[in-house]
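S.K.: I grabbed these lines from Swiss-Prot:
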type: BINDING; residues: T230, A231, E232, E284, S384; note: L-serine binding site
type: BINDING; residues: R261, S262, E263, E348, I349, S350, S351; note: ATP binding site
Amino acid sequence: MLDLRFVRDNVDKIDMMLRNRRMDLSLAPLIELDTQRRRILREVEELKFRRNKASEEISNLKREKKDSSLLIEEMKEVSRRVKTLDQELTVIEEHFRDFLLLIPNMPHESVPVGADEKDNPVAKTWGSKPELDFEPKPHWEIGEALGILDFERAAKIAGARFALYWKMGAALERALIAFMLDIHTKRHGYTEVLPPFIVNSTSLLGTGQLPKFKEDLFKLEDRDFYLVPTAEVPVTNIHMNETLEESELPKLYTAFTPCFRSEAGSYGKDTRGLIRQHQFNKVELVKLVKPESSYEELEKLLLDAERILQELGLHYRVVTLCTGDMGFSSAKTYDIEVWLPGQNTYREISSCSNFEDFQARRANIRFRRKGQSKTEFVHTLNGSGLAVGRTLVAILENGQQADGSVSIPPALRPYLGNIERID
């Protein structure tokens, strides 16, 4: 959520931001609500001043044994008016906050202006595409041929956009989770947490999924419970409504969770394979940091996510998301896109973002500098480290051999009993 004072003083700037983000949202209702709000506050202040002054007059009249009944009756009417205005103000402030929650974050000045993913510039690349002397297959064909992925039975159990992992498929998924967590905790210094996989609406509001993206979520019927769309939600909200000490920052957390998404609006996209599922596993990285270090921490976060792909020997590129493609809560985002030879394309495998104080303001996460009483909002960051299913996809497609087997990256073999290939 943006700061109210900033919104009030920068209407033109925010209008431009909304256009750059390709968002059809007028600030006129917010400006009108703010006008009403300030009018009521002024009137309440004047009435209270009048009431306080009248109280002194009433005291003087009583002391002088003069009639004060008319003034007392007038003040009763003033009190009734103040009560009515307070009720109006409560309603207006609720509408005001609801509208503020619909305004996305301001992009950082370094974010390129663009319409969609076609305008995302490539920031860097690592490695090279594998040289295959045969026609590469997509991962769903590889997995089904090896008997490690079963989409037909998954559809029988749950429906479309689910997968059943068999044998080495299940073992490979589990190995990747352990591998990622080990690197992030032992090499990168993150603290591992295992959060609830169900969250309430307050947590989703804090990280920005609600109210705008309600249709993307799975809600439990008749309960204020939602399945987590990403570990970002429960992990960021660990410190909701808390004030941390400066010495406690930065906070670095990593967590594995399954993620659940309705994929509303994705009809017809990626209907085969593991790329777009209702349920998938992900290892998440979350940071709570001081404002002045957040962009340095974003670059470190990106490197931490890249490290996983480098250890696995998978070719990838990093793109900077333009204004028209970036997420609602983000001030700046890098996407890591891994090369998939079976589909002859790059696909997102991690998204690393700095939200500045946007989420912290919504979730009320603050910190206090040493020797000061005043508190400030922390800056929050997160990134996938990585999406586990898509990493498995990349291993199958990049490691496929002409005989139909799949070579396991050496770094992952200790997690699989030193097996070198799946056949």
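Even glycines carry a Cβ here, placed using N, Cα and C.
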S.K.: Between E284 (L-serine binding site) and S351 (ATP binding site), what is the CA-CA distance rounded to a whole number of Å?
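M.R.: E284 (L-serine binding site) and S351 (ATP binding site) have their Cα atoms 10 Å apart.
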S.K.: For a quick check of understanding: among the binding-site residues T230, S262, S350, which residue's Cβ has the most other Cβ atoms within 10 Å?
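M.R.: Max Cβ neighbours within 10 Å, all protein chains included: S350.
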S.K.: Sort out the sequence-distant neighbours of I349 (ATP binding site) for me: same chain, 6+ apart, CB within less than 8 Å of its CB, listed by position.
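M.R.: Once residues fewer than 6 apart are set aside, I349 (ATP binding site) is near L309, Y316, I336, E337, V338, S384, L386, A387, R390, T391, A394.
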S.K.: As a test of the contact definition, list every same-chain residue at least 6 positions from E232 (L-serine binding site) whose Cβ is closer than 8 Å to its Cβ.
M.R.: T207, E284, V286, N382
S.K.: Quick check: which same-chain residues outside T230, A231, E232, E284, S384 lie with their CB within 8 A of the centre of the L-serine site CB atoms?
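M.R.: Near the L-serine site, the remaining chain residues are V233, V235, A255, T257, C259, K282, V283, L285, V286, N382, G383.
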S.K.: Restricting to the chain of A231 (L-serine binding site) and a gap of 6 or more, list residues whose Cβ falls under 8 Å of its Cβ, or answer none.
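M.R.: The answer is P195, A255, F256, T257, C259, K282, V283, E284, V286.
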S.K.: Helix, strand or coil for E232 (L-serine binding site)? Use DSSP.
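M.R.: The three-state answer is helix.
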S.K.: What whole-number Å value do you get for the CA-CA distance of S350 (ATP binding site) and T230 (L-serine binding site)?
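M.R.: Here the two Cα atoms lie 12 Å apart.
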S.K.: Counting Cβ atoms within 10 Å across all protein chains shown, which of the binding-site residues E263, E284, E348 comes out on top?
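M.R.: Selected residue: E284.
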S.K.: Cβ distance under 8 Å to R261 (ATP binding site), same chain, sequence separation 6 or more: which residues?
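M.R.: Expected: D216, L217, F218, P229, Q277, H278.
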S.K.: Would you mind pulling the longest C-alpha to C-alpha span across T230, A231, E232, E284, S384, which the record has binding L-serine, in angstrom?
M.R.: 9
S.K.: For E263 (ATP binding site) and T230 (L-serine binding site), what Cα-Cα distance in Å is obtained after rounding to a whole number?
M.R.: 13
S.K.: Could you measure between E348 (ATP binding site) and T230 (L-serine binding site) for me? Cα positions, answer in whole angstrom.
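M.R.: For E348 (ATP binding site) versus T230 (L-serine binding site), the Cα atoms are 15 Å apart.
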S.K.: Let me make sure I understand the structure: which of the binding-site residues listed (S351, S384) has the fewest other Cβ atoms within 10 A of its Cβ?
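M.R.: S351, out of the binding-site residues S351, S384, has the fewest neighbouring Cβ atoms within 10 Å.
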S.K.: Can you give the largest Cα to Cα distance in Å, as a whole number, for the residues R261, S262, E263, E348, I349, S350, S351 that bind ATP in the record?
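M.R.: Spelled out: the longest distance between any two Cα atoms in R261, S262, E263, E348, I349, S350, S351 is 19 Å.
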